Structure formats: structure tokens, C-alpha cells
């Protein structure tokens with residue numbers, strides 16, 4: 001059966017969600033020759049994955065995942081990564097500010113894949129324990145208003161295709177479906193994507209997964225975040241249907257600097273940058289975090305518009321609430337270690 005699906009994809013045909021689901025199951029559980037599996041994933045990437053295919057793969061992976069009962073509506077800021085622009089870890093800093101504004105956050109993430117650091121690397125450098133069991137993750141959420149869900153821990157089945165993905169050395173459907181697999185099944189999400197051709201498909205998949213509202217963002221400069229330099233295209237999806245609009249930072253009073261001004265570094269350097277933002281240091285890093293936080297607050301219904309969200313984010317940072325949220329996250333996550 002796999003050969004039939006491989007032939008279809010190579011010839012440019014699309015799989016429906018059931019066929020994609022079955023293919024994912026075969027890749028994860030059957031002894032598919034690596035050359036055929038690589039050919040399938042490469043062909044899928046070449047002609048771009050569809051909403052049906054993403055949905056089928058996500059359904060297969062969710063069946064294998066360790067799920068978390070968060071007990072409340074949560075928001076996630078996990079993106080695909082892979083834009084190659086070297087900016088600091090914006091989504092992690094934004095997640096902390098969002099939580100300090102009173103929105104519960106379940107941050108799904110991983111270590112670095114294509115860049116220098118991932119969200120797990122940065123949080124560890126900040127002193128947060130990232131490898132938490134489901135009940136521990138729930139307790140951290142209850143106590144700090146934010147938790148972290150380390151993707152490999154909740155999706156161990158992906159080890160089955162780890163060698164294949166490393167050998168290919170290119171982004172595959174597994175990269176783009178990662179942010180769709182939060183084991184808390186969040187109600188709200190801001191998802192940055194590195195491939196603009198997949199924005200609509202990912203937005204549609206999020207809608208099928210039951211998100212109340214999600215923003216799928218890709219900047220015109222290639223950034224997989226809301227960019228402070230130039231416009232960002234937004235696919236806004238949820239119970240209201242689908243809307244597409246652009247965010248222009250200049251109209252919001254942000255800009256005048258290039259992406260060179262928000263570069264990251266290794267995990268330690270990135271952690272220092274996050275702390276500077278949370279401590280209220282003015283400049284491009286702060287402006288970028290405030291802009292992305294505002295979009296998350298809009299998504300979760302906490303802010304009526306981006307402008308109001310920016311004001312709320314700035315006030316939370318300046319009042320010390322965002323730094324306090326990080327300190328709680330560090331303390332309560334480390335309490336788990338001391339209790340072991």
C-alpha cells in the first residue's frame with residue numbers, strides 16, 4: 001500500500017486525510033525501506049503538503065502522544081523555526097510576557113533543529129526544568145500561569161523517523177506539523193511558519209483541530225514571527241472563519257531597524273537577551289517581543305486590537321510582572337527536581 005501512496009505523491013497527486021493518516025502510521029510502525037520513505041517525504045515537500053495531508057499526519061501522531069489535561073484554555077506560541085535569519089528566540093520571550101498578562105500559556109517546543117537554539121535550549125539556560133511529566137506540566141501551569149511541553153518527551157514515537165530526517169537534511173512534513181501537535185490541544189495559537197506556501201494549509205488544519213482562534217504568520221522578509229522590519233502576512237482562523245490581513249510595524253510605531261538588530265546567539269546569549277527584555281531594557285528586542293505578544297493577546301481575546309495588546313505587554317514588562325512570571329516558572333519547575 002505504501003508503494004501506491006508513494007507513486008501518487010511522486011506523480012503530483014494529493015492524498016486525502018485518511019490516506020495520509022495510513023501513510024504516517026506505516027512510516028512510524030512498519031519497516032519501510034529508507035530510500036522509499038525518503039522519496040515520499042521529499043516528493044511531498046517538493047509539491048508542498050496539503051491541509052488534508054497535514055491533518056492525517058497530525059491525527060496519526062496524536063494517537064501516539066502523551067497527552068496533557070491542562071484543565072483550562074491555553075495559548076501556544078510554538079512555530080516551525082527554520083527561517084535561517086538568526087534572530088533571538090522571540091516566541092519564548094513573548095510566551096512569558098503573554099502569561100504575565102493573565103493568559104495561560106502551554107509552550108510546546110524543542111531543542112534547536114536548524115538554528116542555533118530552540119525554546120528548550122533557552123529555557124534551560126534560564127534555569128527552567130523542561131523535561132516534565134504530564135502531571136508536573138499541569139502543576140507548573142497552575143502555579144506559574146505558564147508551562148513547557150518538551151516535544152520529544154510527549155512524542156517519543158518520532159524517534160522512529162529521527163535517523164531518516166537527519167539523513168535527509170531538509171525540512172519535511174514532520175517539521176511543519178510539529179507546532180500542530182501541542183499535547184494540551186490549546187484553544188488559541190500564534191504559529192510562525194517559515195514557508196509562506198503552507199500558511200493557508202496550516203491555518204485550515206488548525207481550524208479542523210478545533211482551535212477557537214489561531215494566527216498563522218509569515219513575514220515578507222521570510223521571518224517566521226511577526227517582523228519588526230516590513231509587513232507580515234497573517235492568516236487569522238477560528239470560529240469566525242478565515243481572514244487574511246497584513247501587520248505593518250511602521251503603522252504601529254515600530255521600526256527603523258533591521259533584523260541585524262535582533263540577532264540571537266547561543267543558548268546563554270539568548271537567555272541574557274530574554275532577561276534584558278523582561279527587565280524592561282528599551283530597544284529593538286523589546287519592541288519585537290511587545291509586537292508578537294500583542295498578537296497573542298489579540299488571539300486569546302485579551303486585547304481588542306494589536307495596539308491595545310502592545311500597551312498591555314509594555315505595562316506588564318514595566319511593572320515587573322513578566323520577570324516575576326519567569327522567576328515563578330524557574331522556581332516551580334525546579335521544585336519538581338528537588339522533590340524527586
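Just so you know, glycine gets a Cβ as well, placed from its N, Cα and C.
The anthranilate 1 binding site feature in Swiss-Prot is assigned to 79, 110. According to Swiss-Prot, the 5-phospho-alpha-D-ribose 1-diphosphate binding site annotation covers 79, 82-83, 87, 89-92, 107-115, 119, on the basis of sequence analysis. Per Swiss-Prot, Mg(2+) 1 binding site is recorded for 91, 225. Sequence annotations record features per position, and here Swiss-Prot assigns anthranilate 2 binding site to 165. Swiss-Prot lists 224, 225 with the feature Mg(2+) 2 binding site, giving sequence analysis as the kind of evidence.
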Cβ contacts of residue 110 (anthranilate 1 binding site) (under 8 Å, same chain, 6 or more positions away)
118, 119, 120, 150, 151, 152, 178
Densest Cβ environment (other Cβ within 10 Å) across the binding-site residues 87, 91 belongs to 91
How big is the gap, in Å, between the Cα of residue 224 (Mg(2+) 2 binding site) and that of residue 79 (anthranilate 1 binding site), rounded to a whole number?
7
Using Cα-Cα distances with a 10 Å cut-off, which of the binding-site residues 79, 91, 111 are near residue 225 (Mg(2+) 1 binding site)?
79, 91
Spatial separation of residue 79 (anthranilate 1 binding site) from residue 111 (5-phospho-alpha-D-ribose 1-diphosphate binding site) - C-alpha basis, Å
13
Work out how many Å separate residue 87 (5-phospho-alpha-D-ribose 1-diphosphate binding site) and residue 165 (anthranilate 2 binding site) at their Cα atoms, rounded off.
24
Does DSSP put residue 79 (anthranilate 1 binding site) in a helix, in a strand, or in coil?
coil
Of 91, 108, 165, i.e. the binding-site residues, those within 10 Å of residue 79 (anthranilate 1 binding site) when Cα atoms are compared
91, 108
Sorted by position, what residues of the same chain at least six away from residue 108 (5-phospho-alpha-D-ribose 1-diphosphate binding site) have a C-beta under 8 A from it?
76, 78, 149, 151, 178, 179, 181, 182, 183, 184
According to DSSP, does residue 91 (5-phospho-alpha-D-ribose 1-diphosphate binding site) sit in a helix, a strand, or coil?
helix
For residue 224 (Mg(2+) 2 binding site), just count the other CB atoms lying within 10 A of its CB, please.
26
Whole-number Å only: compute the distance from the Cα of the residue listed as 'anthranilate 2 binding site' to the Cα of residue 91 (5-phospho-alpha-D-ribose 1-diphosphate binding site).
24
